[in-house]
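According to Swiss-Prot, the protein carries these features:
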- 1-94: region 'Disordered' (REGION)
- 26-37: compositional bias 'Basic and acidic residues' (COMPBIAS)
- 51-66: compositional bias 'Acidic residues' (COMPBIAS)
- 98-126: motif 'Q motif' (MOTIF)
- 129-305: domain 'Helicase ATP-binding' (DOMAIN)
- 142, 143, 144, 145, 146, 147, 148, 149: ATP binding site (BINDING)
- 252-255: motif 'DEAD box' (MOTIF)
- 319-490: domain 'Helicase C-terminal' (DOMAIN)
- 555-576: region 'Disordered' (REGION)
């Protein structure tokens with residue numbers, strides 16, 4: 001930064017107006033401003049595919065420009081325009097601001113923030129937004145539910161506005177997230193934040209119509225939210241995708257991206273995107289060796305490390321009562337049924353360990369007049385999206401799901417998290433619990449984990465991970481005993497027994513248990529299979545095969561194990 005006199009001279013030489021009052025103007029260096037204005041030399045056009053002329057852009061994916069022109073009209077006028085370096089931007093870096101209006105943000109952004117109902121920043125927002133506005137690369141560690149979505153979206157939108165991005169400039173911000181639901185969640189927040197800006201925004205995710213996505217990218221999407229696989233596909237194969245002007249790359253939930261197998265895709269994406277003037281923000285709830293390696297190849301040397309958790313006594317978010325109930329396997333479903341019956345007016349999320357268990361229990365609960373929504377990875381994307389937003393908008397109801405919904409999603413006003421099946425590790429527990437009381441002061445959520453007597457060793461694992469849990473009592477005499485009716489229903493109902501197979505759910509539960517990462521605690525040989533089978537509505541355990549293959553951890557050898565109705569001495573012998 002120069003002296004006040006130098007700054008005055010620069011302002012006299014060049015000023016970039018954003019259409020608002022002159023006091024709100026953004027200042028850039030003179031050389032950069034000359035690049036921003038349209039040059040007399042016509043830039044080389046990038047080869048594109050002509051989108052169908054009869055298709056109108058989706059209002060939610062591609063917004064209109066300030067002058068009422070659509071992104072398609074704007075893109076047709078010219079090829080992508082060169083943009084200045086972000087290094088010339090003079091953005092506010094006031095020390096330790098507490099409220100959004102102390103950041104000197106543009107009026108369209110402030111108007112959107114006020115409309116969203118926010119006034120005071122969370123800690124991650126206080127510590128991240130000012131240095132990000134100043135152009136620093138960020139390596140952030142924050143709990144789920146801490147408010148980091150706005151922490152990276154606000155600077156991203158401000159940058160696009162300050163540089164006056166047009167659709168013809170292509171994509172200036174790319175946000176990568178591990179799951180489709182989280183991408184949709186971020187897209188919803190971006191839509192609200194961009195309401196009073198002229199910049200366009202969009203989303204590309206697996207399971208959606210790829211051709212429609214490509215057409216929107218051809219028209220120009222300034223802010224793009226994406227899942228790694230689909231983004232890499234467009235980077236490599238969509239010729240009209242203008243990404244050379246990408247100024248900001250956000251890697252959200254980076255540890256989760258790596259956990260679910262996107263390491264190779266992320267490395268290729270980072271390599272393809274321009275790096276010289278790119279600002280990168282990497283957020284991860286946990287810091288692992290793989291996350292550090294990804295940070296090394298994506299961030300500039302000397303990034304700002306922001307950790308809002310290290311001073312916290314507990315690893316989970318505040319405002320959540322966390323506890324567990326010791327329950328025999330054959331009482332688990334009866335306890336769940338009783339709990340749901342007594343809390344029909346509450347908003348509840350229940351976690352299971354497998355898709356087949358979710359499918360079975362969803363059909364069972366709906367059949368016995370306990371309405372629930374099911375969310376798991378085997379659903380079509382349109383169905384997943386519809387159910388996710390249906391539950392988000394509901395004031396009461398029950399969602400049963402796998403961990404596909406456990407990471408990063410902001411589901412409003414959840415009263416209870418029920419972990420029907422224990423998580424695979426403390427990290428998964430933390431993200432499940434993060435679905436309730438997300439960044440809201442005064443909101444108390446409750447998390448309840450069901451543990452069998454043989455699983456109490458998991459409590460020591462949680463305590464070592466700084467997760468506070470207490471034992472909740474649920475009197476046995478209050479449990480509604482419908483076991484005989486349940487067994488009769490499963491025995492006689494063809495749909496539940498064969499079509500939505502209780503047997504498939506039972507097999508999937510045993511498979512997940514056998515492949516648990518904490519096998520010293522969750523030992524399948526300690527399970528009482530008769531009691532486990534009763535929780536699925538069987539009078540005797542059905543015979544099922546469990547395949548443990550190479551996709552699991554190294555200490556698991558390939559084997560095929562039969563479980564079910566056989567004599568006790570032979571029950572756990574491997575088949576030759």
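Heads up, the Cβ atoms here are built off N, Cα and C, so glycines get one too.
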Sequence-distant neighbours of residue 149 (ATP binding site) in its chain (C-beta under 8 A, six or more apart): 185, 186, 189, 252, 410
Residue 148 (ATP binding site): tally of other CB atoms within 10 A of its CB: 27
Per-state residue totals over the motif 'Q motif' (98-126) - DSSP helix, strand, coil: 17 helix, 2 strand, 10 coil
Protein Cβ atoms within 10 Å of residue 142 (ATP binding site), excluding its own: 22
The motif 'DEAD box' (252-255) - residue tally per DSSP class, helix then strand then coil: 2 helix, 0 strand, 2 coil
Model confidence over the motif 'Q motif' (98-126) (mean pLDDT, whole number): 94
Residue 148 (ATP binding site) in three-state DSSP notation: helix
